[in-house]
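TrEMBL annotations:
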- B:10-185: domain '3-hydroxyacyl-CoA dehydrogenase NAD binding' (DOMAIN)
- B:15, B:16, B:17, B:18, B:19, B:20: NAD(+) binding site (BINDING)
- B:189-270: domain '3-hydroxyacyl-CoA dehydrogenase C-terminal' (DOMAIN)
C-alpha cells in the first residue's frame, strides 16, 4: 500500500456544469484546493452560486477541518488548471470527440503522476485513452447527481489503465467520503446507468403507451420499490421477498416470470450457473444475518424512511386523497 | 360519493403466504376484523408469527383505536371465510388456473356488494374475471412487500369491472393508509413490477456477463439511484438533473442516449409527442416549485436519508473501506 501512497492537495476541475460544480463543492468540503477551467461565459459566477447552494448540506454531512468555500481559483487555460494538480476531473459535455481532445490537452500538461479522471456516464475508458501519451493514469470516475451528497462513484479502467491508477483512485475517492465501485469490465453506460436506463426506457414505454403518467410512475417507485432500493438494492430486496429460504426460493417462484412479457426487455436465460451466482451473491452479502434478522432491520429503516418521505415531499398522487 | 359509501368491517384473506400475512397485519392494525383461509399445514401458526413480527412497525406507524392482533379467525373453507366479508383479498400462488378456480369459489359465496380483490403481480384482471358470475366487483389490488409498511397498491380494473368497484376500492385502500395507483390500462405486470422487472432483467444480464456481482449492483443502486428514487422517482429525479430548465433540457442532453446500447432493452422512439408528455408531466408534478426549490428540498432529504442508510445497514462494499 505504501508505494501507492499518494497525497492529493490540488484538484483541477475541467468543465463546470452541474457535475463539475458538484465535484467542486465536494472537493472544497473535503479541504482540497480546486483550480477550475470552463470557457463558458459566466461560469465562475455559476460555480460560486452552486457552492453556496451545496454548502448547507455539506456542513450537515461534516466539513474537513481546513475546508473553505473560497479555496477555488478559476484560470484561463487547461494548461494552467492542470499543471500542478494531483487529480484532474474532466466533466465536459458527453461527446466523444470533445472529451478526447480535452483529455489530450490535459494529458499534455498534467504532472506525470497525476490521475486523469473522466466523469463520462457512458463512454468506455479504452476509447477515451487511446490517443493519450500517458494513458496509464487515465480512468473513468463516474459520479451521481448531486455529486456533493451521493456517495457512489464508478471507477472503470481501460485496456491501458495501470493497476496502480485504479488503486490510487480508489483510495482517493474513498478519502473524500465516497463509495467507489470498481467496475470489472468496461461496458457502455458502466453499471448504475445501465440499471437506471433500463427502468427509464420501460418508464418511457409506459408513458408512450398511455398506461400511466410520469407522476403516477414516480409515485409507483417512491411508495414501492424506491423505498426498498434505498436500503438494500434490487438483489437483497428480492432475497427478503423469498421468505426464509431467501433468493433460492425467490428464483423458484419468480424465475419463470422472466419469460413473461412483463417488459420490453428480453431477460437472460436463467441457467443453473446464473442462478447460483445470484443466490451465492445474496447469501454472501447477507453473511451471518438470517432473512428474519434482515427483515427486522428493514422494517425499522422503512418506517423511518416513510416519515422522511412524508416530511419532505408533497403528495404526488391526487388519487390517494 | 355518498352512493359509494361502503363500510368495511370484515375482510377475508384467502391464501396466507408472505403477501397474505402482510395484508392481515395491515388490516388488523387498521382495526378491521379478519377471517383467513389457507389449506397449508401450520398456516395459522405462521400467520401469528408474522403478525408478531410486523406489530412493532405497525405500532410505530400508528394503530387504529380498536386495533388488535387478536381480531383474526382461521376457518376451514372459502365459503365460511368470505360469506360475511366486505372485502376479500385473494393471495394464492401466481398460477392463472389456480387463481381462477379460487376466485370462482369466492364469487359463489361472497355477498353481492363485496369487493373481490386479487393480489396478482402479473395477471390481467380481465383474464381472472372472465368466468365469474358477478365479475363487476372483481379488481386487482396489487401490494408490495412488506405489505404492512409499503403504501403502494396498484388498482387495476378489467373489462368487466364496474366503475363503482374501482371507486370503492380506492376509498377502502386509502382508508387503510395506502397510496392507491389506479392503472388506466391493463397490462401484464401492471406498472411498478414492469419497472422493477426491467431493472432486474438488466441486473441479471450484468451478473451473467461478469460485469458486476449482486452485491456491487445493490451498492450501485443504494448509494446512487436508490436514494433519489425513494424521494422523487425516476422522472422528477431527471427533471432535477436537467438544471434550471428541468426535463426539457434533460431530454435534449440525454435523449440521444436512448439510441445507445446502454441496455439490452430497446427504447421507444423519442417523438415530439412523447417528449411533450414527459416534460408536461414533470412540470405539472413540480407545480409552483422551481428546480432550485426542489433541489433544496432534495438535499435536506438526501442528507437525512444517508444518515439512515449508514445507521441501518452494514457496509455492503468491501472496496469502499
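Cβ atoms are placed via backbone N, Cα and C, with glycine included.
A Cβ within 8 Å of the Cβ centre of B:15, B:16, B:17, B:18, B:19, B:20, the residues given for NAD(+), is found for these other residues of the same chain: B:13, B:21, B:22, B:23, B:38, B:91, B:119. The subset of binding-site residues B:15, B:18, B:19, B:20 lying near chain A, with Cβ atoms under 8 Å apart, consists of B:18. Secondary structure at residue B:17 (NAD(+) binding site), taken from DSSP and collapsed to helix, strand or coil, is coil.
Within 10 Å of its Cβ, the residue among the binding-site residues B:15, B:17, B:20 with the fewest other Cβ atoms is B:17.
Within the same chain, residues at least 6 positions away in sequence whose Cβ sits under 8 Å from that of residue B:16 (NAD(+) binding site) are B:24, B:36, B:37, B:38, B:40, B:43, B:46, B:47, B:91.
Residue counts for the domain '3-hydroxyacyl-CoA dehydrogenase C-terminal' (B:189-270) by DSSP state, with H, G and I taken as helix and E and B as strand, are 61 helix, 0 strand, 21 coil. In the structure shown, the C-beta of B:19 has more C-beta neighbours within 10 angstroms than that of any other entry among the binding-site residues B:18, B:19. Mean predicted confidence for the domain '3-hydroxyacyl-CoA dehydrogenase C-terminal' (B:189-270): the pLDDT average there is 87.
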